[in-house]
Amino acid sequence: MAEPATSHSYKLGLNQVGYATLVVSIFFIILSIVAVGLRIGTRRMLGNRLGLDDWLAMISVIVFICFCSDVLVGVYTYGGGQIYADRFEAQKKLVQYMKSEYAIPPLYGINVTLVKMSILCFYHRLFSVIAFRRINYGVGIFCLVWFAAAFIGDLLYCIPIRQFWDPTAGGHCFNFANYFLVMELIDISLDVVIIALPLKTISGLQLSLRKKLALLGVFLLGAFVIVTGAVRIAYVYRPGDQLLSLAQASLWSVINLGVAILCSCLPIYRPWLPKFGNLPSILRSRYGKSSQRDSSHLPSSNPGTSTTTKSYLSRSMYYHQMNDSHGDVLPLTQIAVDDRQVPGEPFQGIRVQRDVEVA
């Protein structure tokens with residue numbers, strides 16, 4: 001077996017792009033495992049059960065490890081700048097490399113969709129405004145439609161599939177560049193929508209400018225995913241050496257997915273970041289004041305303790321209790337939601353109960 005030449009190697013027998021891909025892959029594998037591990041640890045610390053968003057995050061890490069493994073197969077066959085003296089050995093390695101490259105788009109689509117759905121499930125768990133949830137559902141459906149189209153397109157890019165690495169197979173491939181440009185632009189557009197979804201709700205909270213900017217910053221950190229996605233597209237379309245362009249595109253795909261997993265976990269770390277402010281008091285100051293004004297005129301039924309209850313049927317389309325929380329402490333706001341009802345009172349819309357102890 002012929003050995004690859006090392007005259008153009010940078011480190012470990014790889015060129016600079018190959019070595020960078022190796023280092024970045026190992027770094028983001030470790031970082032993603034730590035990020036999701038800390039996410040689960042935060043849930044446990046708060047006494048919360050794991051939600052669908054957490055399970056999707058864990059699955060996304062597993063798929064990400066598979067994705068990075070496939071990328072590194074390509075790096076150590078042909079994508080690391082290897083030069084083979086034996087023509088037959090070079091052809092064999094090129095086929096292995098192209099097979100690994102063919103598997104990258106489907107794995108990428110699975111991984112990025114898992115991350116997107118994890119974020120949307122987290123939004124559903126955090127925000128209970130009905131209008132927001134409807135939009136959230138719509139974005140989720142669109143993400144799944146994009147994934148279905150991308151997955152089918154990735155698998156059927158060449159017919160037969162072997163045409164991708166064996167031009168003599170007698171098949172055909174559709175326009176690679178135009179296909180990926182369209183799909184990646186839609187992918188980035190979905191990222192923009194997902195990042196922007198909670199901004200209006202958060203900006204409406206009654207809090208100081210410093211705390212508001214800090215909280216918005218946690219969500220806006222996800223904008224870096226858009227930057228890495230744009231760079232990835234630029235390298236796919238980079239003129240010149242096609243193999244070098246594929247290698248650089250793989251590098252930025254690893255960065256893009258690693259950053260996406262990290263950013264999807266950042267809002268969960270609220271208990272570890274007290275400087276971002278205490279959101280329970282913020283939410284109480286916004287929603288509690290109106291309920292206090294509405295209930296202040298009602299008579300007291302007990303001289304020691306006054307309990308007033310009111311159903312807000314007209315506002316139920318705007319805000320309601322999270323009926324799927326079952327005692328969760330929401331990780332970002334630390335709001336405790338209990339599914340117990342007031343004895344003897346039928347549940348109608350929202351019930352606001354206020355107990356006042358008179359000394």
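Quick reminder: no glycine exception, Cβ is built from N, Cα and C everywhere.
TrEMBL annotations: computationally assigned, not manually curated.
What TrEMBL says about this one:
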type	residues	note
TRANSMEM	20-42	transmembrane segment
DOMAIN	38-273	domain 'Rhodopsin'
TRANSMEM	54-78	transmembrane segment
TRANSMEM	102-123	transmembrane segment
TRANSMEM	135-157	transmembrane segment
TRANSMEM	177-201	transmembrane segment
TRANSMEM	213-237	transmembrane segment
TRANSMEM	249-269	transmembrane segment
REGION	290-309	region 'Disordered'
COMPBIAS	297-309	compositional bias 'Polar residues'
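Same-chain neighbours of the transmembrane segment (213-237): 119, 177, 180-181, 184-185, 187-188, 191-192, 194-195, 198-199, 202-203, 205, 207, 245, 248-249, 251-253, 255-256, 259-260, 263-264, 266-267, 270, 273, 275-277, 279, counting only residues six or more beyond its ends whose CB sits under 8 Å from a CB of the stretch. It is 102-123 that, among the stretches 102-123, 135-157, 177-201, forms the most Cβ pairs under 8 Å with the transmembrane segment (54-78). Tertiary neighbourhood of the transmembrane segment (135-157): same-chain residues 102, 105-106, 109-110, 113, 116-117, 120, 123-124, 127, 164, 173-174, 176, 179, 183, 186-187, 190, 193-194, 197, selected by CB-CB distance under 8 Å and a gap of 6+ residues from either end.
Averaged across the domain 'Rhodopsin' (38-273), pLDDT for the predicted model comes to 87.
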